[in-house]
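Report on one structure; see the data block that follows.
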Amino acid sequence: MGNKQTVFTAQQLDAYQVSSAQVKLYHRYRDLAPQLVPLDYTKEPDVKLPYELIGSMPELKDNPFRQRIAEVFSEDGEGNMTLDDFLDMFSVLSEMAPRDLKAYYAFKIYDFNNDDFICKSDLEKTLNKLTRNELTEDEVRMVCEKVMDEADLDNDGRLSLEDFQHMIIRAPDFISTFHIRI
Amino acid sequence: MARNVNFELHDLRAVLESPVDEDGIHDSFHQLIEEQTLDLSADAEAYELSELEEGEGRDNLGYLASPSSRQQHGEMQEERTEPLMDQQWSTATLRVLSSMPSRTIGRSRGAIISNYYNRTMQLRRRRQSRPSIRDFAPSSRPSIRGYGGVETDAGVDDERKWRQLVINLQNLPVSDRVQMLRCMPLSVDEKREIRRAALEYKGRRSSENQRVPCFSQLKICVIIALRHGWYSWLSLLSFLQLWQIALKKVSGRFGTGVLSYFVFLKTLLLFNFFLSIVTGFFLVLPQAIYPALSYALKFQGLELLTGGGYFTSTVMYYGYYTNSTLKKDCIWQQAISQHSNQTACHSLYYNMPLAYFFTIGFAFFITGIILVYTMSKSFGQSFRIDKSQGVLAMKVFASWDFKVSKKSSIKMQCENISTQIKELLSELALQQNTMGLLQKFGKSCVHLLAWTMCVGSTLACVLAVFYFSDYMHMDQKSRARVNDTANPLVKEAGLLALPVVVSTINLLLPGFFNAVAWMEEYNSPSTSNYVSIFRNLMLKVSVLGVLCYHWLGRIAHDPTSLGLQCWESFVGQELYRFLLMDFIFTMLDTFFGEFLWRLFSQKALKRKRKPVFDIARHVLELIYGQTLAWLGVLFIPVLPIVQIIKLLCMFYMKKASLMMNCQAPRKPWRACQMTTIFITLLCFPSFLGASVFVTYTMWTIKPSESCGPFRGLNSMFQSGKRWVEELEKGNPNLGWLVWAHTYLVENPFFLFVGAGIFLIVIYFHTQVLDGQRKIISLLQEQIKNEGEDKKFLITKLQFIHEQKRPLSSHRIRGASEVKPVSVPLSLCYL
């Protein structure tokens, strides 16, 4: 247990508001590539793990949204994550994160073309990922229409962040499902 | 919200949309946003309606469905059905669109900072009593009044806003600051900078005295040491966190629904842990240190099952506890003279009856408060005021369980979701068809039949328990009269009959209810869940009610006829037996119901599907067990420890059985709502019933003459009253305590008044809720209208642009040449 404390400086501990969970996360990050990630983070090394390693984590390995998750939380938008990005990701996906923060990132994950709106194509892609392309074309179309109908408040044909958050408020399960245990 | 959806250009849209694979998702609009973020100086030209050399790309706006029939501007009437989709937006319009405030909220750091600046400002306003007028944020609806030109100096604004945010943050109290920083959707780097700057600023202000005095240096050292201590404590705590890995495995394979059962079990464990600490420390420990005189029976194995025999004369039961004050041995010196008694030592003394009374009362009170708090928090999370339906949207966005990590489970989850979506679609289609009258009648007949069968079977079982307990009671009476010389252990083994019967009923009848529910058809899966929970609950409550009558009404009423010295210990033994039998039957059920059933269905019936883990039934069993524990604490202070052991065994047993034999439920399980319902059930029928039972026992029933801490009194409650009277005698100033006790606690009028006030408060709150619902619907209308405004402005903007530029050939691209042009030209009122 003494080892873990010398990984970060006191200032870094403060900045991360380190809890035991975050020290655990650091070790998970290191386990992905022990030769790349140094034991001592006090010098703030610039280490970035490629997406392939992140996507091979057992919690994310088979998740259909793993690429989008990695892209949203990575600095470069490609899925290559530094330790900061990694901690960010798991802290948003933890139990403690407030609902609005989760809704914000969920919105970004489902926004496949990164135009800050969930348009029909984003919706279709989400649906196909959810159901593994099991729905027919017709059904996909009907679902997209109905979803737009239900969720689009300002009638512009696509979901903005506000529309999404308004809908998420009505789904109390969201906090427990948008959660990865580490 | 019915709207006309235009399908005309559907095929065209399919061609124009971005490729399906997740790599090629960038299109020209996105590139436009990117270049805009990089080049801030170009923003100045944003509003200039000029063309760019790069050419104009297509806007992947999707389609803007035709608006509702609200008439905002008469001129646009005819063109309403023409969607604003796939228009050839000019680059300039695209630039304008991309700079709209609503677009930038999620995108740029500057927008987030400005957003949070506004929020911290509001928070500061709320915290301060008199805000200055300058602090008021401008209204959300932009007015053109303040704007000379339309340029904004975005670069300078950003920096200023950042600094102001930092200033705001440091003026907030620490908890608010922490909360605000937690909520910000910025990266860890940014947050770290802001936090550092907020602390720095504060430090800079108070850095007038350069020299730090010695005392504050020491203080700093102490604080740092404490903080390091806190971190090591946190890491130790995580090590102690019970079952972290096990819960992760369960959730990884079965999802949140099944996980909620195990989390509920963990919660119950914590409740019992608290209860056992309180009773153990205040009751068991003192009595164990000063053992009372009793005759000890030899320990034989059967005691573990029956709870009698050897255990009767141990700390386990109420009867063992003394009614005297435990004193540490010291020499009393009584003065022979007229002076008051002098004690040579002021020893520790411990008034056992009082301790017993207050400990039980205190434990129940605190448990009640914790339960109500948990229930209200959980309720607040899952209850939603507006009853709008958004079922399909929620299914698409909020139903994917990210916890599930096993490949086969993910596959199953995908199948479940697609099935549920298909069901929802068919439901929506069916809503248009009205059911025939005959069909409705047939359905209600089936429901009536099912309910009759369930209620009838419950009634039959309850009567069976009633008469059987009566029979046992008579049997015991007759044996006591005859003075039976049979082996006492055999006699006690005979007492196991009633618990066995009750546990059998609890095991078999829910299966019967499930079978009955198969033939019924419900509108939604949640209704069937609620109905099955209600039926099970009805059964358990009525069985427990009959048992309570049996214990209090029959046994406690006339204990001597049964030959009992100590009816409380006897009732305690009964409860112990019930708890134990419940556990044994659960074990048998897990073994036979799940393990053997899986073998049977896979080998004999050749089914691929494993049995489903019935969450509702298992949680109700947990609640039943906990009710028994609460009922029995008064008579067996050690019972919470027994319950802890039982829960620990159940956790491992259920988990092992789950992993080996079961599969996740196929129907959607709303974990949040269900958890709220279970906690409510734990609070209302279960805890409330137990506290009513305990209160009734303490208040009304006469304790036994020859055993227990309340022997000789008229009721257990009397010990508290006596103590208050003694206090008053000793110190007349405490007369108000007796007065308060007589007029407030014992007087029913006061309770009525209290209940009346409570009901009035609840009524006011429901009215407030109604008002909030109305406000929500008004706001929704307003948002819709704003959307209309936005669309109008966009089309107008495009129209103006079209007017200013000459018609050039390369503006028009693709197949939609003619149509878009016709739209603006018809708006020729300008």
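Cβ from N, Cα, C; glycine included.
As annotated by TrEMBL, region 'Disordered' applies to B:53-83 (among others).
The compositional bias 'Basic and acidic residues' feature in TrEMBL is assigned to B:72-83.
The region 'Disordered' feature in TrEMBL is assigned to B:127-149 (among others).
Under the heading transmembrane segment, TrEMBL lists B:259-284 (among others).
The transmembrane segment feature in TrEMBL is assigned to B:304-321 (among others).
The transmembrane segment annotation in TrEMBL covers B:354-375 (among others). Cβ atoms under 8 Å from those of the transmembrane segment (B:354-375) belong to residues 267, 271, 274-275, 278-279, 282-283, 286, 321, 630, 633-634, 676, 679-680, 682-683, 687, 690-691, 694, 698, 709-710, 716-717, 719-720, 723 of the same chain, restricted to positions at least 6 beyond its ends.
Taken from TrEMBL, the feature transmembrane segment applies to B:448-468 (among others).
Annotated transmembrane segment per TrEMBL: B:489-513 (among others), in sequence order.
Annotation comment: TrEMBL describes B:533-552 (among others) as transmembrane segment.
Look at TrEMBL and you will find B:566-671 tagged as domain 'TMC'.
If you look up TrEMBL, you'll see B:578-600 (among others) marked as transmembrane segment. Proximity of distant same-chain residues to the transmembrane segment (B:578-600), defined by a Cβ-Cβ separation under 8 Å and at least 6 residues beyond the stretch ends, is recorded for 304-305, 307, 496, 499-500, 502-504, 506-507, 547, 610-611, 621, 624-625, 628-629, 632, 639, 642-643, 646, 649-650, 653-654, 657, 660-662.
The feature transmembrane segment is assigned by TrEMBL to B:628-653 (among others). If you look at the transmembrane segment (B:628-653), the same-chain residues 6 or more away from its ends with a CB under 8 A from one of its CBs are 243, 246, 262, 265-266, 268-269, 272-273, 275-276, 279-280, 283-284, 315-318, 360, 363-364, 367, 544, 548, 568-569, 571-572, 575-576, 578-580, 582-583, 586-587, 590, 622, 686-687, 690-691, 693-694, 697-698.
If you look at the transmembrane segment (B:674-696), the same-chain residues 6 or more away from its ends with a CB under 8 A from one of its CBs are 257, 260, 263-264, 267-268, 360, 364, 367-368, 371-372, 374-375, 378-379, 381-383, 529-530, 533, 537, 541, 544, 548, 552, 615-616, 619-620, 623-624, 626-627, 630-631, 633-634. Annotation comment: TrEMBL describes B:674-696 (among others) as transmembrane segment.
If you look up TrEMBL, you'll see B:749-766 (among others) marked as transmembrane segment.
Among B:259-284, B:533-552, B:749-766, B:533-552 has the largest number of CB pairs under 8 A with the transmembrane segment (B:489-513). For the transmembrane segment (B:749-766), the list of distant contacts is 743: same-chain residues at least six beyond its ends, Cβ to Cβ under 8 Å. With DSSP states grouped into helix (H, G, I), strand (E, B) and coil, the domain 'TMC' (B:566-671) comes out at 80 helix, 2 strand, 24 coil. When pLDDT values are averaged over the domain 'TMC' (B:566-671), the model yields 87.
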